[in-house]
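**Student:** First, the structure itself, so that you have it in front of you.
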Amino acid sequence: MPLDLQEHDLPSISNQPNHTTSTTGNDPSTLNPPTAHDPAPSTTSAASTPPLPSLEYKVLTRSRIIFMVIFWSLVITDSVFMPIALYFGLWYGTDLSPNTVFSIVTAAIGGVSILEYFLRFWRLFKKGSTCRVIGGRRAYLDWFHWVFTATWVVLMVELIIGSTPDNPPIRLLAMPPSSLLYVFGLQLCVFEGMRWGGVKSPVRVSSQPRGSVLLPGAYNLVEDIVAVDGSGGTEYRERLWKRYQASKVFRVMLEKLTLFWGMGCLAMATLTTILIFTLEGDYAYAVGWSAPFLWAAIWAAMTWWYVERSLRVERETWGRDVKP
């Protein structure tokens, strides 16, 4: 996630050197996105180098820190502690039938994510939305919201099918967090493979219209999450696009993060699935609802460190043709 880069003014895209395509305004449909293999801007003197396009977004403000602490505390409580506590408490502390136990657990979890889903939908769909994708209609929403929707469909199918029998299959009911990783990881890896193969986008992906060159999956996640959930708005989408065009270091960073999260999601989902179907039932359920979140916290911390380092390198090497 972009961190704190407010020291530069926004330049005009048309002033960026060494790009073979031109742009009309900020509409990505007119652009041929550069890749990490395109040369970085190269100039003969610092005075002739345009400033690095600023994202004008700061993560670590007081209000955002408070929001993130509250939000993620609620998510972890709702998605980790609650299902595990309800399962063991109701299973061993009551005389309820297995079907009733898992019906209660299924009905109780996911409230925070469902609320966030509908708040997100409203912010994108309402008339006069300030966070809509560039050049998109209300019905487009954004790419992250469609992936979010697909994920919830998969999870609800698992939970409903699993909690319906008189003796619910506990291993299936331990799978939702891993399924979430499968959905996100598969989408990131498939789109990255399509991008490297030169396949054009078969659908609109946030601000990139159908038929455009695919961007790294991490770009789309950053664009959508910061613009909507982080209140960066449509203006952030435009600034992110300018930064992506201008900076080779920035492009390399997003490509590496796409593979880091895409392959990491699939690897962790596979490992957790193996554990779920080999451990004893109680352990399998506890691991299924906790291990993916622990992994995500570690991956997020590593991502934070890498992004900080990459942005520092980007600032220090801006205007020089260097290998990131």
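A Cβ is built for glycine as well, from the same backbone N, Cα and C atoms used for every other residue.
Heads up, here are the entries from TrEMBL:
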type: COMPBIAS; residues: 1-10; note: compositional bias 'Basic and acidic residues'
type: COMPBIAS; residues: 12-32; note: compositional bias 'Polar residues'
type: COMPBIAS; residues: 33-49; note: compositional bias 'Low complexity'
type: REGION; residues: 1-50; note: region 'Disordered'
type: TRANSMEM; residues: 65-88; note: transmembrane segment
type: TRANSMEM; residues: 100-119; note: transmembrane segment
type: TRANSMEM; residues: 140-161; note: transmembrane segment
type: TRANSMEM; residues: 173-191; note: transmembrane segment
type: TRANSMEM; residues: 257-277; note: transmembrane segment
type: TRANSMEM; residues: 283-307; note: transmembrane segment
**Student:** Using Cβ atoms only, state whether the transmembrane segment (283-307) and the transmembrane segment (140-161) have three or more pairs under 8 Å that are 6 or more apart in sequence.
**Tutor:** no
**Student:** Can you tell me which recorded stretch out of 65-88, 140-161, 173-191, 257-277 has the most Cβ pairs within less than 8 Å of the transmembrane segment (100-119)?
**Tutor:** 65-88
